[in-house]
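Peer 1: I'd like to ask some things about the structure below.
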Amino acid sequence: MSADRCNWLLHLKFVQKDWNGCELLAGQIVQQAKESNDFVHYVKALVLRHQGKLNEACQAFDSCMKKDRFNVDYMKQVGCSLLFAGQHGRAVAMFDEALKFQPDDWIMFHWKALCYYHLKDFLKAKENLKQVLSFAKHEDSLVLLGKILKEESSFEDAIQFYKKSIELSPENCDLLSTLGILYLKVSDNLESIKSISDLQVENYRCAFDALGRALSFNPFHANAVFAAGAVMHHHEDYDVALSKYRICLKYCVENAQMWNNVGLALYGKQKYIAAISCLKRAHHLAPLEWKILYNLGLVSLELKQLASAFLFLNASLKFNNKFPLLYVIIAVVLEQLEDFTTAKQAYEKAVKLDQDELLVPYNYATFLMRQNDIAGAAQWASVFFLRLEARRNYCGSQNDLILSEMVNKLQLPQTMDTMATQKSGTTVVTELVDYELKPIKSLSLNSEYCCSAIALLRILEIIFGFVIVGCVTSGLGPGPIIRPLSGQHFVLIVASVFITVTFTFLVIFFLNLHKAILNSVPWRVMDICICVLAVLCYFIAGSIEIWYAHVSWNYEEIGCASKSHCGNFHITWAVAASSDVSNYSSKDAEFDQARSSGGRRVVISNVRKHSNRTVTRNVSDEVNRLNAKSFVVASDGPENEQENVLLPQHPVFPDISMVQGELFFECTLFLYSVLVLFLQYLNLYKSLWWLPNSYTQHALKFHLIDLYVLSCVGLILGRRVIWCFLKRLTFITPGCNKRAAFWLLLVEWSLKIPATGAVLTSFSFSFIHVLAFYSRLTLTHLIYPCVFYILLFYNEIVQTFSQYDQPLFARLFNCLSDSGHADYKSLVHACSVVPSQIREEVDVFISDVYNRLKQCLFAAFTTAYYAVFIPCGFAPAYLYIDYVWVAEMSFIVFLTSGTLYLTYLFPIQLCDQLHRAAMHLGKWVYTKSYRFPQTNQKIWSEASLWPDGSMVRMNRHVYRGVGLSIAAQPDNDDHRRYHIMFGDPLRVINILCLASGFLILSQFLLLVHSTEWQHVLTLVLLMFANYVLLFKVFKDKIILGRIYYPSMTHTKLKLK
């Protein structure tokens, strides 16, 4: 077969892109051919070019041209090869030579235009493209012409050519996405001109239409998705923008523009460390792009990393020294580094480059004002106002607020920011994002005020008010007041009102709210007047209280039988009462009965009614009264064949008022929670303030603390204090008539409603800001304790809502108000000889103990969660958190708050009642049946009271009784655990003492191994709380031990 007859096969393999087959067949043809075949050499050169071997392809085409130097096809392919090799000048010369022989070939004009495009000679490129379009409309030529116009910033003309290209290829996603980007560029150029806002809206509509068409053809088209994400980014919808960027990551992982935009979106979400990582990856992909370095400098400046910010901005300046705002930001960095001379030089350079930018004269004027150069500041301020007046003629309403804010700051130099920034440029596919990101709007902190004498006096006033409230409502003072309006009530109301008002003024001056809102209100005058009024009220109320403390007061003269609950004094103001004093006791009993509710108290009252007390106070028998475990003899009944059962006789518990008030304890726990919260913020936002060249003078980085989150956490931790205070704020008593009760009720709710409204308003205001600033996933951290509460108190909640005889609101109120308390008087032990009543009483005690333990567990969990974990959950992303230390601190806080709550919920009076019931209950111990003869084993009967050592059989198991009298059920594990825990009166107190000692020892060991100052301070302050707790528990241990285990000296002294 001749060589020419194989050309078709060679052409077929070339069309099929079988390059290896083409080379093999071409080699065979050359070896077999007796004469040269030009087509074989031509195809071989084309194959080499397609394989990327451009030099070899050029040599092959040159060999072809040597044989036929006037062949236009050879010239075209040589020029195309030179174009691909980047030799655009030689390619243009070759195309000009070919056009002499074939002047109507449009493809050579297109390739010439492409060469001129790469040579940046756009004028000649457009001339050649016009020659192409004179022959016919070709898509590639239209796209190239659009690119050239885009490079020349002629976006409107570029849009027209892209529209013509789309007419030729309506389903081309690349063209549609590029057209949408061009519309966005036109809209961004027109966004500050009010007169053509309609055109701007129309451009946005066309852009979204083009991008929508591209995404309809291909939902995963990278350019279209990226452009849509950039639009969302421009409108500060960072979550949607990041979702779009995440799609692009699958197709263009190594795109610098994409990583730049991702970094800025993360910056908008305050994920600063992640933002820097993405921007550094973009810088790695495009190391010569100045905008990426510019953005890195801005993020570093936000993080107060001044040295890094200067390095990035200086590197950006090497690539673009014509951008005036870049010099301004460098000047800001230098000013914070206290290099004022160089900063002034940077401002002067920015002024030389600037023509109409507002930020340059604004920042320069503020800088000169801080340097006390009033003349220079006035000069550049006048330049700023001239440009501002010119801008307002063309500025839309969306910029009026920004301009007004800049004017106000320029007129008030004491409140000026370091730099005012605004967003310029757009986020598009073909452009890197040029963002001068807006600073996060937050309240300005008056850090100097918090350490001033006025602030310290105000804090002391708040502490003094809390001391007064605690003394009035706790066992240290008159105790709980449930009688007519008294002096303590007046002091309590005055102290509470002034605590709230003083705290409000403290927050106002600390956050500079007196400058931000209601400037016309004389805040300082009001503050001084209220402080003076508070001192006068304290003095008058205290004087009246001290005066009547030493004066005989006859309560019966005013018609009310009032009494002190703690043996202290209190006065009663004359309130009209129509009830007779003789009827007071009956009305008081009815009032107490009406206030008591719940199934637990009803069961105990039934136990009291049907029980026969076997323990009486025998004054003559001193020895039996001092013994801790004496006994009497009783009869079991007919089933026990008149066996003698030893019944325990309990020692007389002295009438001592040792239980602290509920409000006082909640205030104590709240202060401990606030202390833990402060220490956690200290560990998170500590600074290097002691260093000689430190940029801050404070131990805490106040600018990083989110005050709205702090307000929400503080109100959540103080919810129990507020609730207890509202419950205790009551004036209605059983000794008053209906008319007086109406007015007292009016006064009561006139105080409760504003206080509740203020708390709810404050929490709502803070929570709305938190809701708007943080993501939904972060906000779920606040509701995890609610889920834990539902799981822990599920049975109680179901039981409360199953009471259909009450309205839904009343059931919800009962569920919320049924909190743990130390009301040991509602659990009174009845020394009964009836086994069923003993078991019923113990079941009530067990239910109450479980409820108190769950309340203790929930209170300890919420304290540790909100005071330790929530500050970490809402901390900035770039903040370093020592999770090992957080775990140690949460463990200490959980155990300390749990032990503190246990000491409150299990006072020694309650432990005594529980121990008495355990002595009557006894316990059964499981034994092997073969160890004891069956003659001694009896069938257990629930109606019998069994003596110590009894052997009973139940459910094929044998049990042996332990205790003076046994009324427990053998197979009841709750009875067994109850006796183990409360069989010894000191067991609970000993466990609390060991827990307190363990906490102190563990904190001491941590203190020894701590090297950081904030850890040392935290452990020292937390150890004080454990010292106080250990002292209280050990004091209760001594008192309870003296009651149950008196020494011989004490016994002899009593007998005498």
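Placement of Cβ uses the backbone N, Cα and C atoms for every residue, glycine included.
The structure displayed is predicted, hence computed values, not measured ones.
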Peer 1: Which stretch, out of 291-312, 885-906, is listed as transmembrane segment by TrEMBL?
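Peer 2: Checking TrEMBL against the ranges 291-312, 885-906, the transmembrane segment one is 885-906.
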Peer 1: For the transmembrane segment (663-682), what are the same-chain contacts with Cβ under 8 Å, counting residues 6+ beyond its ends?
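Peer 2: For the transmembrane segment (663-682), the sequence-distant neighbours (Cβ-Cβ under 8 Å, at least 6 residues beyond its ends) are 466, 469-470, 473-476, 699-700, 705, 710, 713-714, 717-718, 720-721, 724-725, 728, 822, 859, 863-864, 866-868, 871-872, 889, 893, 896-897, 900-901, 904, 1014, 1017-1018, 1021-1022, 1025.
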Peer 1: Cβ under 8 Å, sequence separation of at least 6 from the ends of the transmembrane segment (856-879): give me the contacting residues as numbers and ranges.
Peer 2: 269-274, 276, 303, 669, 672-673, 676-677, 680-681, 684-685, 704, 706, 709, 713, 716-717, 770, 774, 778, 781-782, 784-785, 788-789, 792-793, 820, 886, 889-890, 893-895, 897-898, 901-902, 905
Peer 1: Please list, for the repeat 'TPR' (139-172), how many residues fall into helix, strand and coil according to DSSP.
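Peer 2: Breakdown, helix to coil: 27 helix, 0 strand, 7 coil.
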Peer 1: Using Cβ distances below 8 Å and needing 3 or more such pairs, separated by at least 6 in sequence, tell me whether the transmembrane segment (885-906) contacts the transmembrane segment (1013-1034).
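Peer 2: They do touch: at least three Cβ pairs between the two stretches lie under 8 Å.
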Peer 1: At a C-beta cut-off of under 8 Å, are there same-chain residues at least 6 beyond the repeat 'TPR' (324-357) that contact it? List them, or none.
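Peer 2: Tertiary neighbours of the repeat 'TPR' (324-357) are 294, 297-298, 301, 306-307, 309-310, 313-314, 316-317, 363-364, 367, 370-371, 380, 387, 390, 418-419, 424, 436, 695.
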Peer 1: So what pLDDT does the repeat 'TPR' (72-105) average out to?
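Peer 2: Summing pLDDT over the repeat 'TPR' (72-105) and dividing by its length gives 79.
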